[in-house]
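Colleague: Below are the structure tokens for one structure; questions will follow.
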Amino acid sequence: MQYLNFPRMPNIMMFLEVAILCLWVVADASASSAKFGSTTPASAQQSDVELEPINGTLNYRLYAKKGRDDKPWFDGLDSRHIQCVRRARCYPTSNATNTCFGSKLPYELSSLDLTDFHTEKELNDKLNDYYALKHVPKCWAAIQPFLCAVFKPKCEKINGEDMVYLPSYEMCRITMEPCRILYNTTFFPKFLRCNETLFPTKCTNGARGMKFNGTGQCLSPLVPTDTSASYYPGIEGCGVRCKDPLYTDDEHRQIHKLIGWAGSICLLSNLFVVSTFFIDWKNANKYPAVIVFYINLCFLIACVGWLLQFTSGSREDIVCRKDGTLRHSEPTAGENLSCIVIFVLVYYFLTAGMVWFVFLTYAWHWRAMGHVQDRIDKKGSYFHLVAWSLPLVLTITTMAFSEVDGNSIVGICFVGYINHSMRAGLLLGPLCGVILIGGYFITRGMVMLFGLKHFANDIKSTSASNKIHLIIMRMGVCALLTLVFILVAIACHVTEFRHADEWAQSFRQFIICKISSVFEEKSSCRIENRPSVGVLQLHLLCLFSSGIVMSTWCWTPSSIETWKRYIRKKCGKEVVEEVKMPKHKVIAQTWAKRKDFEDKGRLSITLYNTHTDPVGLNFDVNDLNSSETNDISSTWAAYLPQCVKRRMALTGAATGNSSSHGPRKNSLDSEISVSVRHVSVESRRNSVDSQVSVKIAEMKTKVASRSRGKHGGSSSNRRTQRRRDYIAAATGKSSRRRESSTSVESQVIALKKTTYPNASHKVGVFAHHSSKKQHNYTSSMKRRTANAGLDPSILNEFLQKNGDFIFPFLQNQDMSSSSEEDNSRASQKIQDLNVVVKQQEISEDDHDGIKIEELPNSKQVALENFLKNIKKSNESNSNRHSRNSARSQSKKSQKRHLKNPAADLDFRKDCVKYRSNDSLSCSSEELDVALDVGSLLNSSFSGISMGKPHSRNSKTSCDVGIQANPFELVPSYGEDELQQAMRLLNAASRQRTEAANEDFGGTELQGLLGHSHRHQREPTFMSESDKLKMLLLPSK
């Protein structure tokens, strides 16, 4: 009991209190560790926790325990239990700041060492600024856990040191893609940039398990969308609204008003043209005028596509998608076809209009060159094929590449609003083609018309000259305006291409500024670089003005007359107006129906032309210089079927530089037609009087050749043959056929018309004498217009001076007359005429007629020989000779030359160079006969040279020409040249006669008739009075 010392009781109580306090501290530490979710056990301060340094950085990798056996996780494929830490200073969070973006943090200690802030208040203010990322929806959902792991990380003591848990590098990379629009801006500080030094790889973080509100909002001018194709670049979940943000609301109203007015005017203008063509389609359906109709039709349909946006709710339906974003990359699934329909209406028909414009320039160029209408009409099917198929190919290509984009400010869908390279290839490419091809044809056509205008003195009609001037002005103005509009449109497109990137970048900066300053009271964000509304207005004006310019082709008096006739017809007051057709068009119509004439024996043609087309482009350059009237006489109409039977038939051919007198290729075989100046005598009976009309025509020498080979021959062979024919015509050499004797004689007569135009020169047939006699026959001309009414005195003097020369040329000529009533045909021939006219004094008032008697003298003998040579040459004018016959011919000619060497020496000198292919051809420039036509002013003459009737190989056509003044024909020749020409003619006749006798062939007609018929063609002698009657009898 002694050891019990009660006074020591207070010491025991003190010891118990200390023990209880220690137990409470340990229990509290355990509870705190469980509260923060730490995997570190209560003995974390112990030295048994393993920390692995990461690549020599300040970061450590912490491996958690696997389970009861306390084995760590070293499996590299599972990083859920691997955490990364770094030494830091921890601070306890309060209840007010223990949240992050509205979610409560699962720990109470945090650290500021991962940021650049020094106080918790600064950190919270900056964290609130990141609420602006809600306007980048995809970014907002991905970046909230990362921001909480950086701004408010978990912090605790490990092995006795404060350690902060780090977010992983993968966690940082997740936020880069949806937040890329702001990632490289000042909105994201450097400590938020993904870096493996700051954020180790393959680490877990507790913040990833936190729940956040990830709902984002799209900031105007963006709208939310779930279609990835509609996302604005850099802002996933939002797309640009349908209304173009680069233009203000006021600018939208201006553009819509301009499209409405300009489109309506263009629509009405094109509708007027289309209606004008429809009401008079029969007269207007001719090229190139009908091309204007198709151009205006294309612009009309395109204007309809432009104006459809003004119907109720159509604009939004055309250019906007269902989610409110702008349409692009159409066609797409799930959307209506309104955008595609508008695209086809606008793009397809505008492109077709451009192609038709090129064809307009092409056809107009050919018309200005003077080519016939049929040559252009035959290409009509090709025009349609190209004009409608080429735009179709471009349209299908555009839709196949999904390059149809909408544009809200213009209210249509078009090609390449986003992909400018596609717009350059599918729009600007065809425009450049229009400029190049159309400009080429317009330039050539204008040069031709300017050439006609320059030589306007050759055009006798003032209206024709004014018509050329009007055509030049119309086409020139149209071409100039079209060129300007296309160039301005191309310039507008190029301006858009150049500045599109600047506008896009400026809009992007505007979006970033609005997102960054969303919580500012007064925002200073605006689009720095925007497209000019003036350029867009100019572009639209050029487009619609082009359609209006194309409609001006119908702003002519012809269109007004067309509407007048239409209105009178609808009101029951139609007036039949007949428009007479020019003679050359009647001949062309007759030739086109020659098959009907051959099969049925009768022909029905139209002598009245249609009215002028509304455009006025169906002009004929060949008509501009024509001085003939539209009056068609019965004689001319009766002779018209004969024109069909003859190749190269031209009646009423005009003089001048017209190109319509080119040869008509009417035969399958090669044709060579040489048209020279003709003088022929036509005897007509008008009432009781007998008249002799002399007509002078000047026609260009043309060679029309067609290959004899098969139709399948190459084009190079045809070009070579045409080149040879042209060279032969230019040099006067003919390698395949020779001219008939009648053709040579016609050339002789024609060239001597112009030898002595003055009265003082007396050569050959016609002589110009005293002024009284000139006045006398001039007065007689007044009896009948365009005919030389010669009284007996003039005719007597004519025969006295020239009878010994003109009658031989009438030898062997078929003077025929035909009648449509009884289909009768009579033919008489005047052969071997040896007439000498007795010269006598005739007073001015002497009208007793002509006194003729036969006086044999020395001249008659020479004339008989001359006539025999001509007769023999006419009988063998179309005979072909073989090489052997040519040799025998040359032998016989050598024998005859020995008898008369002096007469034939000049012939060999002048004609040997024209011998080619065993045929002889003497050019018209070297065959001259002493003629003088000075006394027959304003006279008319027609003759027919019948070599080989109905032959398909060679025909010579001497046709009626318009009147010309012989005094204006300047060329003259000397006496030596005339004598030389006569020698050439005589020698040619002798050689042909010898060749005919050698071959026993005669003419082709004689060969067909046979021996008995040949005897019937022997010359018969007639009395002088009968011969003169045959000369003066009327003949058609």
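Heads up, the Cβ atoms here are built off N, Cα and C, so glycines get one too.
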Colleague: Out of 130-150, 382-402, let me know the one Swiss-Prot marks transmembrane segment.
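Modeller: Of the candidate stretches, Swiss-Prot labels 382-402 as transmembrane segment.
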Colleague: Per Swiss-Prot, which of Cys155, Cys172, Cys218 is disulfide-bonded to Cys194?
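Modeller: The record-listed partner cysteine is Cys172.
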Colleague: Of Ser516, Ser551, Ser693, which one does Swiss-Prot label phosphoserine?
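Modeller: Comparing Ser516, Ser551, Ser693 with the record, Swiss-Prot tags Ser693 as phosphoserine.
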Colleague: Thr225 and Glu528: same side of the membrane according to Swiss-Prot?
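Modeller: According to Swiss-Prot, Glu528 sits on the same side as Thr225.
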Colleague: In Swiss-Prot, Cys238 is disulphide-linked to which residue out of Cys218, Cys266?
Modeller: Cys218
Colleague: So Cys90 is in a disulfide according to Swiss-Prot. Which of these is its partner: Cys22, Cys100, Cys155?
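Modeller: Answer per the record: Cys155.
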Colleague: Sort out the residues at least 6 away from either end of the transmembrane segment (533-553), same chain, that have Cβ-Cβ distances under 8 Å to it, and list them.
Modeller: 247, 251, 254-255, 258-259, 262-263, 265-266, 269-270, 272-273, 292, 295-296, 299, 302-303, 353, 357, 409-410, 474, 478, 481-482, 484-486, 488-489, 492-493, 495-496, 615-617
Colleague: Can you give the mean pLDDT for the topological domain 'Extracellular' (32-258), rounded to a whole number?
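Modeller: Looking only at the topological domain 'Extracellular' (32-258), pLDDT averages out to 80.
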Colleague: Between Asn95 (N-linked glycosylation site) and Cys148 (disulfide bond), find the distance joining the two CA atoms and give it rounded to the nearest Å.
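Modeller: With distance taken Cα to Cα, Cys148 (disulfide bond) is 16 Å from Asn95 (N-linked glycosylation site).
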Colleague: For Cys194 (disulfide bond), what is the tally of other C-beta atoms lying within 10 angstroms of its C-beta?
Modeller: 16
Colleague: Which residues of the same chain, at least 6 past either end of the transmembrane segment (288-308), have a Cβ under 8 Å from a Cβ in it?
Modeller: 259-260, 263-264, 266-267, 269-271, 273-274, 277, 314, 318, 341-342, 344-346, 349-350, 352-353, 356-357, 359-360, 363-364, 367, 376, 383, 387, 411-412, 544, 546-547, 550-551, 553-554, 613-618
Colleague: Rounded to a whole number, how many Å is the Cα of Asn213 (N-linked glycosylation site) away from the Cα of Cys139 (disulfide bond)?
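Modeller: Roughly 12 Å, rounded to the nearest whole number.
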Colleague: Which of 259-279, 382-402, 422-442 shares the most C-beta pairs under 8 angstroms with the transmembrane segment (470-490)?
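Modeller: So the stretch in question is 422-442.
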Colleague: Would you mind splitting the topological domain 'Extracellular' (309-339) into helix, strand and coil residue counts from DSSP?
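Modeller: Tallying H, G and I as helix, E and B as strand, the rest coil: 10 helix, 4 strand, 17 coil.
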Colleague: Using Cβ atoms and a strict cutoff of less than 8 Å, what residues sit near the topological domain 'Extracellular' (491-532) while being 6 or more residues removed from its termini?
Modeller: 129, 131-133, 135-136, 181-182, 185, 187, 219-220, 222, 232-235, 245-247, 420, 423-424, 427-428, 538-539, 542
